[in-house]
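Chemist: What TrEMBL shows for this protein is this:
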type	residues	note
DOMAIN	27-77	domain 'Myosin N-terminal SH3-like'
DOMAIN	81-776	domain 'Myosin motor'
BINDING	GLY174, GLU175, SER176, GLY177, ALA178, GLY179, LYS180, THR181	ATP binding site
REGION	654-676	region 'Actin-binding'
COILED	840-1084	coiled coil
Amino acid sequence: MAQRDADKYLYVDKNLINNPLTQADWAAKKLVWVPSEKNGFEPASLKEEVGDEAIVELAENGKKVRVNKDDIQKMNPPKFSKVEDMAELTCLNEASVLHNLKERYYSGLIYTYSGLFCVVINPYKNLPIYSEEIVEMYKGKKRHEMPPHIYAITDTAYRSMMQDREDQSILCTGESGAGKTENTKKVIQYLAHVASSHKSKKDQGELERQLLQANPILEAFGNAKTVKNDNSSRFGKFIRINFDVNGYIVGANIETYLLEKSRAIRQAKEERTFHIFYYLLTGAGEHLKNDLLLEPYNKYRFLSNGHVTIPGQQDKDMFQETMEAMRIMSIPEEEQMGLLRVISGVLQLGNIVFKKERNTDQASMPDNTAAQKVSHLLGINVTDFTRGILTPRIKVGRDYVQKAQTKEQADFAIEALAKATYERMFRWLVMRINKALDKTKRQGASFIGILDIAGFEIFELNSFEQLCINYTNEKLQQLFNHTMFILEQEEYQREGIEWNFIDFGLDLQPCIDLIEKPAGPPGILALLDEECWFPKATDKSFVEKVVQEQGTHPKFQKPKQLKDKADFCVIHYAGRVDYKADEWLMKNMDPLNDNVATLLHQSSDRFVSELWKDVDRIVGLDQVAGMSDSALPGAFKTRKGMFRTVGQLYKEQLAKLMATLRNTNPNFVRCIIPNHEKKAGKLDPHLVLDQLRCNGVLEGIRICRQGFPNRVVFQEFRQRYEILTPNAIPKGFMDGKQACVLMIKALELDPNLYRIGQSKVFFRAGVLAHLEEERDLKITDVIIGFQACCRGYLARKAFAKRQQQLTAMKVLQRNCAAYLKLRNWQWWRLFTKVKPLLQVSRQEEEMLAKEEELVKVKEKQLAAENRLSEMETLQTQLMAEKMQLQEQLQAEIELCAEAEEIRLRLTNKKQELEDICHDLEARVEEEEERCQQLQIEKRKMQQNIQELEEQLEEEESARQKLQLEKVTTEAKLKKLEEDLIVLEDQNSKFAKEKKLLEDRIAEFTTNLTEEEEKSKSLAKLKNKHEAMITELEERLRREEKQRQELEKTRRKLEGDSTDLHDQIAELQAQIAELKMQLVKKEEELQAALA
């Protein structure tokens, strides 16, 4: 029954698809897809074509509409309905892909292949397709033999790792709420089952059980309910599972990224903090509640929305499951209690209330009940704790002074302490899990990495955490695009295959540069780091700098209206995201009250003390460098070079992750969110279409169909498939490429299905799977023939043995018959009676001889017994040596097996390298020539550098001259401005005169005949004045242009002057710091000499 239920969610009902009536209806109506606001696309019957437009009849209501021909998309025949691999679709377009996914989703088929990767749509309900029976169904099966499933992707990765000895990675990507975490858990479940060294389910290994139980613990402490997802990962993780040469799991390691620690103190509406807080408050018994000083939900300020429940989840049961998982993970009860005390302590920190004193800005704590509870839970002194928050000691020069804090500073210090405490507890928990998962300390031969990182997030307003998450998703999408579209096509060109490079327009580098570029112009993270060093810097000044540097970037936008709450917008691949830069400088620097941190390091609770062991590396109050209170609450600032910001650390961590992923063979699982209401059975077509476009699903299918996704190196192809062409290759040495050409010719493959490169054979999708099937059939025939030979040999041996037995029986029968005849003969009876009597006369002599012989035998026996005891002792020693040798032999056999694997890999690699070597030798010669040219250029460049250094010195002296010239120029500029005013006055006067003259000319023209001579002289005068006016206007334009150039020069000099002042200030700060270090070193030297 359960199996039938599972089949319904795995297999397509072929009877519904292969319906001849549906096929006939499709052909008769000429069905196509047309755009629809409601459904994305809807079916319609093509009636008539009129120029660039067409008249279609909608299938839903029979209404005839006119649409543009370019908007019409072809419909696939009904036999392709619910197809398992969308690369098989005859008509590949958005409408067909969406329809296929929609049809499969409504039928409960959530997994669909899309060329080389898999698409999964979140069903928002539990499906019976993840049982142990289903795991066994997929174990060892080829991809095309089973319906699409996350188990098929995992098994493909596992088999590729075993066959090719190449590290693999499985990347579950998609938006928040698309189902990445759940699919990650299924991958781990499958690997724990198929790669376990304990074959019996009852005898499942401890390592495999711990690997499965790591997820519930991490989810409890790192996941939370958000608007989009009831179990959203608020951190990223990369799970690396190591395997030995036999494919068994030998260990695992988990790396985490960017825990959203701010959720521990504040949550958005209808959201929860981390699950563990609710598990503890609901699941703890009365005794535990008293020990941990727990209170009802509404008593805690850090639980912003009180008791928010998750439909279908019992927090009480989840608490028991989490505690059981920690027990399986071998975390002792003492450490479990330490974790729970810290969780309760974090909640109590939120209940500490500060008030502002009447006459001063100083903060006070009228009620220290919450502080007492925190101190009790964390094992510190309440007086020292209160003093450390309200009047911490800070370093001023060489002395320490106590500085009173304002209410805002005290509130900030408490929140920062709560976030840091939770983050350190989470990091400790991950370290503890890794310790349990890597007990053997063995380095695996290969590994499979599983990435589960927070999906793309677009909220109404997004902060620093969302920028980091979205930046990560940009990098992952870029890896997908690079792997699927760029590297694939580059390999075709490198191997000399005829291929026209296709630009799919999916390059995300501009957006990545906008975020991470260090300079020219600097990106958002670089500007944020830069702003952290400046005194009196604020979030507002950071936003202004971002707009100034990146305002013209195509992926950057300013808020459209001033009333918008957002500070700036970034156009990510998944859409436009509005960011609000509140507290970004604080989040990037992550400062702490070092007085309280030191107190926690000295805690009487060993667990708390362990969490704060690296207290010397925090950014503390004694490292203040002149930030104003308006810039950062509490003035947490460190000197340049003393620490790395959160942004820098995350960039380094992400770069390391991307390097690891690039060195593996990635297997992509594209998770799709069907709707934002978290409802089962509902699919929003426009939402799904947007995700398909962003994720490059259509382009991935297209390149899979057009390209050659499967490739095999010549040596491996010959070794693996020579069985299919036994007589194609002549005896003796033959070049790998030539041998492959002969083999493919013998296989009679269609030339369109393959290409032969410089070192590999490339095949279109499905061809290699067909060859594998043919190979399996051939091997089956060979094995059947071998079995027949073996059975014939054994039968002949058995027959010969029966023949010998039959001959022996005949001899026995013949002798028995002769004896029966002889025994009644009288002479025979006499002979048998007389024969014993003949021995009596010799009996005495024999007895004496026997006695002597007995004495000798006894002596020999005694000697033999002595020798036997010696031999037994020797045997014991030899057996011990034998056992040692057997153990050594077993170890040598394992080493030999590993060495043989390595040898085979090296042989294949050697062959591949030899094939490449010929090309490289030619390239080496070219490179040597280039090298010689570069050497010449290098010498020239060195000369240029020397000249530039000289020029630099000259420029420095010129800069000083320019400084002097700047003063002179400013004086000249002032004088020119005064001259300009004078000229403007003159110009106005001339304009008035010009008007008067024109009036007079008008009067004279009326009396032209009478005053001709007079008029001529006036005309000359007019021309003279006009020439003067033109000359003055030209002079005015020149003066204005000169003034503009002087203004530009002045602004440039002012900018240079500002930069120099900043550099001088920075150098003075460094000199002061070095002087302090020198004084310290001198004091230490004097102390050492004393």
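Glycine is treated like the rest: Cβ placed from N, Cα and C.
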Chemist: Can you count helix, strand and coil residues in the region 'Actin-binding' (654-676) using DSSP?
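Modeler: Per-class counts: 9 helix, 8 strand, 6 coil.
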Chemist: So which residues does the region 'Actin-binding' (654-676) touch in its own chain, when a touch means Cβ under 8 Å and the partner is 6 or more beyond its ends?
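Modeler: Distant contacts of the region 'Actin-binding' (654-676): 101, 105, 114, 116-122, 124, 150, 153, 156-157, 160, 164, 166-180, 183, 228, 238, 255, 257, 449, 451, 455, 471-472, 475, 479-480, 483-484, 682-684, 687-688, 691-692, 695, 697.
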Chemist: Three states by DSSP: which one describes GLU175 (ATP binding site)?
Modeler: strand
Chemist: Using a 10 Å radius around its CB, how many other CB atoms surround GLY179 (ATP binding site)?
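Modeler: So the number of other Cβ atoms within 10 Å of GLY179 (ATP binding site) is 26.
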Chemist: Note the Cβ centroid of GLY174, GLU175, SER176, GLY177, ALA178, GLY179, LYS180, THR181, the recorded ATP site, then list each other residue of that chain whose Cβ lies within 8 Å of it, in sequence.
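Modeler: What remains near the Cβ centre is ASN122, CYS172, ASN229, GLY455, CYS671, ILE673.
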Chemist: Treating G and I as helix alongside H, and B as strand alongside E, what does DSSP give for the domain 'Myosin N-terminal SH3-like' (27-77) in helix, strand and coil?
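Modeler: Helix/strand/coil tally for the domain 'Myosin N-terminal SH3-like' (27-77): 6 helix, 30 strand, 15 coil.
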Chemist: Cβ-Cβ under 8 Å from ALA178 (ATP binding site), same chain, 6 or more residues apart: which ones?
Modeler: ASN122, GLY455, CYS671, ILE672, ILE673, GLN691
Chemist: Using a 10 Å radius around its CB, how many other CB atoms surround GLY177 (ATP binding site)?
Modeler: 24
Chemist: Using a 10 Å radius around its CB, how many other CB atoms surround GLU175 (ATP binding site)?
Modeler: 26
Chemist: Report, as a single number, how many Cβ atoms besides its own are within 10 Å of the Cβ of GLY174 (ATP binding site).
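Modeler: I count 25 other Cβ atoms within 10 Å of it.
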